[in-house]
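Novice: When I checked TrEMBL for this same protein, it listed these features:
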{"type": "SIGNAL", "residues": "1-19", "note": "signal peptide"}
{"type": "DISULFID", "residues": "Cys31-Cys110", "note": "disulfide bond"}
{"type": "SITE", "residues": "Arg58", "note": "site 'Transition state stabilizer'"}
{"type": "BINDING", "residues": "Asp63, Val66, Gly68, Asp70, Ser72, Glu84", "note": "Ca(2+) 1 binding site"}
{"type": "DISULFID", "residues": "Cys64-Cys69", "note": "disulfide bond"}
{"type": "DISULFID", "residues": "Cys116-Cys317", "note": "disulfide bond"}
{"type": "BINDING", "residues": "Pro159", "note": "substrate binding site"}
{"type": "BINDING", "residues": "His189", "note": "heme b binding site"}
{"type": "BINDING", "residues": "Thr190, Asp241, Asp249", "note": "Ca(2+) 2 binding site"}
{"type": "DISULFID", "residues": "Cys196-Cys228", "note": "disulfide bond"}
Amino acid sequence: MRAGYSIFLLILSLTVCNAGKLSNTFYKNTCPQVEKIVREIIQIHTRNNPSLGAQLIRMQFHDCFVRGCDASVLLDTVSNSKAEKEAIPNQSLGGFDVIDDIKAAIERVCPKVVSCADILALAARDAISSPFKKSMWSVQLGRRDGRVSLATEISGNLPSPFANFTSLVQLFKGKGLNVNDLVVLSGAHTLGDSRCGAFSRRLYNFTRKGDADPSLDPTYAKILRKKCPNPASPAITVEMDPGSSLSFDNHYYDILLQKKGLFVSDAALLTDKNSNKIVTRLQRSRSLFFTAFAKSMKKMAAIGVLTGNAGEIRQNCRVVNP
């Protein structure tokens, strides 16, 4: 009797421990088709929107760096309390409709089982992976959704495009990420574009004397000034990785070493000896970048996750459960 009871307690304790951890097989018994559903819907959307990978990886980054990876960035504003998506850095986020489509499809098959946080993690991975016809990194699952989303919490939690190296390192360290993760995850800037306002100071008034940033290639700065008149128009965007903004590769490090990184925060990666070495290594090998990116994404996707009984499984990703 005692032996049987001891075994029961052991099994119970293991169950409780596993309930608080992310796992590659989290939905094996409750929703085994979840990854297939996400992948198929992403494939449909990427055919019509080749920039979806850039949109969703940015959305995941912005979600995880504020309150952890809890899908708080997906919540809509309620009453007078503005949600995260209303904050200025998040107003250019895209892909919310895709997450809605995926959530609706999964709810029809596995109601009240799969979190929006897990859907976002899978969707971002699959949107990047779609052109490669294979998964570029594994995604551990088991996150639960947060119930709070505040625009006021964005400041100080998302890295600024104007940040210097010291500020970037401190911010990433606070999220459990190191210098290597900083340089590797910055490689996601190989995808997508940016509004001129995020870098126009580098072109026209870097030291408030009407000058350009000396760390930016002068010829490239001239090209950017033609594309982005002063004052900056929010309607104009520029590729972050010229000529390669729809391709997930290590080309970002090429342009970085050519002093063509778009943001101050990009150029900052060359101001530290160790960071500069990492940039050079990643520039030399696409396969090394892919491997490193997979490792850093696993770390980033685990920032401040809610597991076990924390949070909830939202039925609609835009609103908390009643």
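Easy rule for this one: first residue shown is 1, then count along the chain.
Just so it is clear, glycine is given a Cβ too, placed from its N, Cα and C backbone atoms.
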Novice: Rank aside, I only need the closest one: which of the binding-site residues Asp70, Ser72, Pro159, His189, Thr190 has its C-alpha nearest to that of Arg58 (site 'Transition state stabilizer')?
Specialist: His189
Novice: Might you list, by sequence position, any residue in that chain lying six or more from Gly68 (Ca(2+) 1 binding site) with a Cβ less than 8 Å away from its Cβ?
Specialist: Gly146, Ile303, Gly304, Val305, Leu306
Novice: Other residues with Cβ within 8 Å of the Cβ centroid of Asp63, Val66, Gly68, Asp70, Ser72, Glu84 at the Ca(2+) 1 site?
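Specialist: Same chain, not in Asp63, Val66, Gly68, Asp70, Ser72, Glu84, Cβ within 8 Å: His62, Cys64, Phe65, Arg67, Cys69, Ala71, Val73, Gly146, Ser149.
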Novice: Around the Ca(2+) 2 site recorded as Thr190, Asp241, Asp249, what other same-chain residues have a C-beta within 8 angstroms of the site's C-beta center?
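Specialist: Going along the sequence, the neighbours come out as Gly187, His189, Leu191, Ser244, Ser245, Ser247, Phe248, Asn250, His251, Tyr252.
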Novice: Have a look at the disulfide-bonded residues (Cys64, Cys69, Cys317) and report the one with the fewest Cβ neighbours inside 10 Å.
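Specialist: Counting other Cβ atoms within 10 Å of each of the disulfide-bonded residues Cys64, Cys69, Cys317, the minimum falls on Cys317.
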Novice: For Asp241 (Ca(2+) 2 binding site), which of these recorded positions sit within 10 Å, Cα to Cα: Asp63, Val66, Asp70, Cys116, His189, Cys317?
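Specialist: Those close enough are His189.
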Novice: Which residues, sitting 6 or more apart from Val66 (Ca(2+) 1 binding site) on the same chain, put a CB under 8 Å from its CB?
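Specialist: Long-range Cβ contacts: Ser72, Val73, Glu84, Glu153, Ile154, Asn157, Leu158.
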Novice: Which number gives the other C-beta atoms within 10 angstroms of the C-beta of Asp249 (Ca(2+) 2 binding site), all protein chains shown included?
Specialist: 15
Novice: When you measure from the Cβ of Cys228 (disulfide bond), how many other Cβ atoms are you left with inside 10 Å?
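Specialist: For Cys228 (disulfide bond), the 10 Å Cβ neighbour count is 22.
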Novice: Fill in the CA-CA distance, Asp249 (Ca(2+) 2 binding site) to Cys196 (disulfide bond), as an integer in Å.
Specialist: 23
Novice: Going by Cα-Cα distance, pick out whichever of the disulfide-bonded residues Cys196, Cys228, Cys317 is nearest to Cys64 (disulfide bond).
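Specialist: That would be Cys317, nearest by Cα distance.
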